[in-house]
Each structure stands twice: as C-alpha cells, then as structure tokens.
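According to TrEMBL, the coiled coil annotation covers 90-151. Among the features that TrEMBL reports, domain 'UBA' is placed at 11-52. The region 'Disordered' annotation in TrEMBL covers 172-194.
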Amino acid sequence: MQHQQEVPAMEVNMNLLGKLESLGFPRARAVRGLHHTGNTTVEDAVNWLIDHENDADIDQMPLVVINLDLETPQPNDITEAIKLKEQELRDRVRMKNRDEEKKLEREREKERIRTGKALLEAKRIAEENERQRLLALRKAEKEEEKRAREKVLKKLDLDKLERKRALGLPLENRAANPPLPSIQEEKSSLPVKSVSKADHMRECLRSLKLAYKDDNAKVKKAFQTLLIYVGNVARSPDEEKFRKIRLSNPKFQERVGSLKGGIKFLELCGFERSEGDEFLVFPRDKVDVQSLNTAGSLLKSALTNPYFGLLEKMKED
C-alpha cells in the first residue's frame, strides 16, 4: 500500500516573515523563501523568490509551518537593495502580463484583418458581377441601336429607289449593288427570344414614347420621374416613403399617372395597388434590386438613345 508523500515542515523566522509580507509577498511564497534560504536574511529570501517564481508549487501552502522566533544577525531595517529586488519582481510580472496582452491584441488584430479581407472580397465579387451585368446590358443596347440604325438606312435606300423609279431616273447598277433584303425577310431570320420582365418593361416604355411622340418634353419628364421612383427604392429599400405613392397626387398624375403605360411600368417594377386603389405600394419583401437596376438602365437608355424602341416598331411594320 502506497503512502502519500508528506510535505516537510518548514521553519521560518516570524520577524522575517512579517517583513516579506509587508513587501507584498503572499505567505506561501514568503514561507518557502525563508525556509529554503535558512532564515538568513530578507534579501536572500527575495533573491530565492525571484529565481523560483515559476516553480509549480510556489503558491502551495505547506501543510505544516513551525513558527520560530529565531535570532537573525541581520538588522531589522529593510535595505534599499531589497526594495529594488521586490520592485524588479513586480516589474517582471507586469511585463509578462503586458506581453500576454500584446499577444492577445495581435491575435485580435489578425482576426479583424482576416474578417475585413473576407468582406472586401465578397464586396469585390458582388461589384464585379454587377459590372458584368451592366456591361452585358449596355452591349445589348448598343447592338439594338446598331440594328435600328441599319434598319433606318435600309429603309431610306428603299425609299430613294422608289422615288427614282417614280421620277424615271436611272437606277443604280444592281450587279454592283445587290438588292437589299426586305425587312420581312430579315425579320424572319432573327432569333426568337423568350419574353422576360425586361422585355415587358422595354415595350411599356416604347408604347409610352410612341403614344406621346409629338410631345417630347412630356415623355422626357415621365421617364425622369420614373427613374427617380425606381432609383429611390433601389438605393433605400427600407424607406417606406420611397415605397408608397399616392395615386391622387397632382404632380404624380401630371408626370406619370395620366400617361399611358406610366402606372403599368411601376407595376412591372414591383409596385402594387392597395387601400382601395388609393396608393401604389412596393412591399419590402418583394424588392428586387437587380430588377430595379435593369429598369433604371432601360429608363436611362430611353432618355439618351434616339433609336430606343424604333427597332420593335419597324418589326411591327
């Protein structure tokens, strides 16, 4: 049967013990320092404590302490050297704590940097996706503008040939200039596209523009007002004031509400009639920023592109 190893009794000088405790040393450490230096001097005990401050049992109180008032050859006064040693020990503890705090702060800073990099990367990817989407949209608009311009030029050439024929003027050499294909033939060769929400939006704007083709100022004002409504919701979807329009508002009626297709375009963007058709309301949970950005791009194109909607009109003709 094994017996638990007993901790030996430690003899200490009570006067020296009191001085060490007055310097701020815990009793367990003071007892060990005096015991292991033979109760010689306070300075010896302090030196021993500095050398053994990292011992595993430094703060373990001995099981038995025999307090002896042993005579000591040293004077009772605490020397300046002892105070310096005690201060050195405290400084070491403070430096150790400071180093650990700096290490923790560096780890926290590294974590903040990693989190910041991840957020920046996510933002970069989102911005790149949006940039690619806008580039594709602008490319499609340019192609539409190019096709519309070519249609106009071909129609002008056909009209020119018809006028020459009517006036009996010589026609151009058809061998050198082969006849232009008819609009109907080219229309049949175009690929068939599925009708999307963007197509409906484009058609709505085209119809509005054609319905008021003799009043460009009214059309421009309507497109600008619609762009403001759409842009406000896209930028601040949580603002209820941007998601609610009173249908009876005089300015709204003058600029959008009374125009053919004005309210329909807002409904295509996501606005819904509510409260007995008194308001147009855009539900917060139905806000689609990408769809609103598409609507905004179409409105900008309608404002700046002189051929906007012309290709569809010529296809109908």
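Every residue, even glycine, has its Cβ placed from backbone N, Cα and C.
A TrEMBL annotation is a machine prediction, not a hand-curated record.
Across the coiled coil (90-151), mean pLDDT in this model comes to 90. Using DSSP to sort the residues of the domain 'UBA' (11-52) gives these counts of helix, strand and coil: 29 helix, 3 strand, 10 coil.
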